[in-house]
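Among the features that TrEMBL reports, transmembrane segment is placed at 36-61, 122-145, 157-184, 196-219, 226-246, 258-277, 289-308, 351-370, 382-399, 419-444. Among the features that TrEMBL reports, domain 'SLC41A/MgtE integral membrane' is placed at 80-213, 293-436.
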């Protein structure tokens, strides 16, 4: 499909036309020209920076897991993936919505820009409060499966920590995303390529740090029986205020009314990843799980969010909701067409897939330099680790293509409905595959050790 875009600028003085300018752009791929090299250059720096932040988050997690509050309140570890996953449910969907709005010219007018920004910030505050509370409930229910008694004080601490962390992280990251998207628009950089990875990278580090500090604060003041209930009630009381602000924008109100299912389901999916993490993190054969989990989950979430945001922008620019372009008519495309054609979305999928192995190798090496011998560094584990990363990202990129087509065909906005599911699946896939890597490496080492013992036992006396 060849697309021709005509940009016209008219110059008026009073009511008289005094001049005009005309710019014609032709693209053989259906979007404004973006080469393989351009996409790579715009994506690689945010991905590397996000990886460094995720490594920092992993190191923070490796440290705070030994804090008294995390040792005593085990459900806090179950809470980590769904809360960190809020970057996908809230911040990354916000970044994707704003990127689409920027690329389609919706925030060029100052008055419209103010309305879009305020309503979006209000929306994520409502979502953060509700999802933060639901994440705590999910962590409690999953934790109750393996325990008989329920400590009311710990329940209150968990709920207050979750709600306050979600609120503070959503506000800080929401403001940052707005600044990045507007800045990228002014600099002529595609916000789709940079906003979502930055949201994800800082989301991991900021959310985990706030959770650790907030939960420790409530743990130190656990004798104050009214503190944690008061925090929960205060944020619940603020919810109607955010709803009133969000009413400025009809599209945002539509999300507020009908956009809960993807967020809640994604949170539940991430919670199962948290259950795997809490069950494995303290076992010797999974030593290092705390450091690598944010990196593996974050890289997959970053890359699939970029691809989803790009496909969504493509559809918003060149199609109408409910109508798929001719080359995207199939709901279940051939995997080769997802990765091996000359279409712009296939090209970006190849770029993102090529970043997986070198990115993970860089992150693994830096983690090894920082952590030293406490990190598994066998060749077998490194190969398994890279293979797990490739499998995770390949599955996610293909599912992104399928889900965006299905949601667009249903006249739904992929920015709001696809990214939560995909980042939630990324968390679950990443945690599961990483646990499998540790277990397989431990199993192979055990067999090798048993073989050596058998050889010694059968040797000459």
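Any Cβ shown, glycine's included, is placed from N, Cα and C.
Curation plays no part in TrEMBL annotations; they are all automatic predictions.
Touching of the transmembrane segment (122-145) and the transmembrane segment (157-184) is concluded from the presence of at least three CB pairs under 8 A, sequence neighbours closer than 6 excluded.
For the domain 'SLC41A/MgtE integral membrane' (80-213), the DSSP counts in helix, strand and coil order read 117 helix, 0 strand, 17 coil. Under 8 Å from some Cβ of the transmembrane segment (196-219) lie the Cβ atoms of residues 43, 46-47, 49-54, 56-57, 60-61, 64, 67-70, 72-73, 76, 79-80, 83-84, 86-88, 91-92, 94-96, 99, 157, 160-162, 164-165, 168-169, 172-173, 176-177, 180, 227-228, 294, 298, 301-302, 305-306, 309, 419, 423, all in the same chain and six or more residues away from its ends. Of the ranges 157-184, 226-246, 258-277, 289-308, 419-444, the one with the most Cβ pairs under 8 Å to the transmembrane segment (36-61) is 289-308. Contact between the transmembrane segment (258-277) and the transmembrane segment (419-444) is supported by 3 or more Cβ pairs under 8 Å, counting only residues 6 or more apart in sequence. The stretch in closest packing with the transmembrane segment (351-370), judged by the count of Cβ pairs under 8 Å and taken from 157-184, 226-246, 289-308, 382-399, 419-444, is 382-399. Non-local neighbours of the transmembrane segment (419-444) in the same chain are 81, 84-85, 87-89, 92-93, 96, 196, 200, 262-263, 265-270, 272-274, 276-277, 280, 285-289, 292-293, 296-297, 299-301, 304-305, 308-309, 376, 378, 380-381, 384-385, 388, 391-392, 395-396, 399-400, 403; each lies 6+ residues outside the stretch with a CB under 8 Å from one of its CB atoms. Broken down by DSSP into helix, strand and coil, the domain 'SLC41A/MgtE integral membrane' (293-436) contains 117 helix, 0 strand, 27 coil. Here the transmembrane segment (289-308) has Cβ contacts under 8 Å with residues 43, 47, 50-51, 54-55, 57-59, 61-62, 65, 81, 84-85, 87-88, 92, 95-96, 192-193, 196-197, 199-201, 204, 208, 273, 277, 280-281, 345, 348-349, 352-353, 355-356, 359-360, 363, 367, 371, 375, 385, 388-389, 392-393, 396-397, 399-401, 403-404, 414-415, 418-419, 422-423, 426-427, 429-431, 433-435, 438 of the same chain, all six or more residues outside its ends.
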